[in-house]
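Engineer: Once you've had a glance at the structure underneath, I'll fire off some questions.
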Ligand SMILES: Nc1ncnc2c1ncn2[C@@H]1O[C@H](COP(=O)(O)OP(=O)(O)OP(=O)(O)O)[C@@H](O)[C@H]1O
């Protein structure tokens, strides 16, 4: 017997001792059953309409005993078994709604790197144990960095573990439209029922709800109901909760009450890993050289959508190319991207050590402090060496000693070695030379 039944049996026993006419009790009350509790509404069923008429006058008394016993504020509702079963059937039909998940977006094809590791880990934790620790989970990032992918991955994973999990993926825009439609169709009860009975609610792009006051109100209520029933909510946005301008402050504070994580622009290695994954998914059956991946990862890396777009463009170019080629190499890629690439606006900068460092750092998606740091991470070392080399080449009469000083007090011999290394590498690595030329173009 669960808590629901135990409390109810105790209520009936107390009531039985209080009622004078035991025949009434035996005739009407022995078939009473608690069916469910939603928020503060408790549904009790009786076997027939006749019993229902017999029990109704005592409902208030039963409610009082039940609330005293459970220290709650419940309202009891009586229904016949038939009515209840019918409404359950209707509700079940209602629950057969489309989860809107995109089955292609899974954890398996989400590439993890430093830029998105925390968000991916949090999403996986939520998918494995929905509603337990991190509800709501709030994921924010600039456009095209994988928020929608992670939302779908959570839903797909949870459903693969338990197909009966009620998952709903929606955008805040769809939520608002659905709400407005339910008002005009007089189906607001169904709307409410549907959203309050979801196990995992995945809401994409919440920022669009900011100015929709009446929808915010209903969302607030649904949100509270799901959270208090230990359900999982995952929300994405293009900014963190505190920056959601126009959003009601009570909603913002609810969003911030869970776990908030962000996704950054993919760093060089992650961009390459994403490209490799996409190539695998596209079943590309000809080789694409490492230099090409380096080229795309360093030129089209504002977001993952841009990476995907450039790869598509490359594959398309190969498809329509009349000349037969066995592989995609850097020359071919440069041809494929010649127009975009040439048209990129170039902003010249004043030639100072800090501008050179900043330009190299931007190019490699790093910060100037990483370049100055003692970090031995390979992409940081590459950027540091190139910065030293360019400073030496572009700033007249600057000595190795001065450069060492500008790069966190390094010894002049370290700078000399770095410059030498860069010089040797650009003589034999076309892609590397291309990268240095690009940075130079932005500077001079
Ligand atoms: N780490 C990743 N691994 C593989 N694919 C990724 C990764 N991150 C993003 N993508 C892919 O990049 C594309 C854009 O991602 P997504 O739509 O999830 O971005 P978003 O952050 O939701 O963007 P928006 O804010 O514009 O809605 C999708 O095709 C997605 O599968």
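Quick reminder: no glycine exception, Cβ is built from N, Cα and C everywhere.
Annotated region 'Domain I, interacts with DnaA modulators' per TrEMBL: 1-80, in sequence order. If you look up TrEMBL, you'll see 133-264 marked as domain 'AAA+ ATPase'. For 144, 146, 147, 148, the entry in TrEMBL reads ATP binding site. According to TrEMBL, the region 'Domain IV, binds dsDNA' annotation covers 319-444. Summarising the annotation, TrEMBL assigns domain 'Chromosomal replication initiator DnaA C-terminal' to 352-422.
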Engineer: Using Cβ-Cβ distances, find the residues under 8 Å from residue 147 (ATP binding site) that belong to the same chain and are at least 6 apart in sequence, listing them in sequence order.
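Structural biologist: In sequence order, the residues whose Cβ lies under 8 Å from that of residue 147 (ATP binding site) (at least 6 apart) are 119, 139, 140, 141, 204, 236, 263.
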Engineer: Using DSSP, what is the helix/strand/coil residue split across the domain 'Chromosomal replication initiator DnaA C-terminal' (352-422)?
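Structural biologist: The breakdown for the domain 'Chromosomal replication initiator DnaA C-terminal' (352-422) reads 51 helix, 0 strand, 20 coil.
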Engineer: Give the sequence-ordered set of same-chain residues, not counting 144, 146, 147, 148, with Cβ within 8 Å of the centre of the Cβ atoms defining the ATP site.
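Structural biologist: Filtered neighbour residues, in order: 141, 143, 145, 149, 150, 236, 263, 304.
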Engineer: In sequence order, what residues of the same chain, 6+ apart, have a Cβ less than 8 Å from the Cβ of residue 144 (ATP binding site)?
Structural biologist: 302, 303, 304, 305, 306
Engineer: Measuring CB to CB from residue 146 (ATP binding site), give everything in the same chain under 8 Å that is also at least six residues away in sequence.
Structural biologist: 110, 116, 119, 263, 304
Engineer: Can you tell me how many other Cβ atoms are located within 10 Å of the Cβ belonging to residue 148 (ATP binding site)?
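Structural biologist: I count 19 other Cβ atoms within 10 Å of it.
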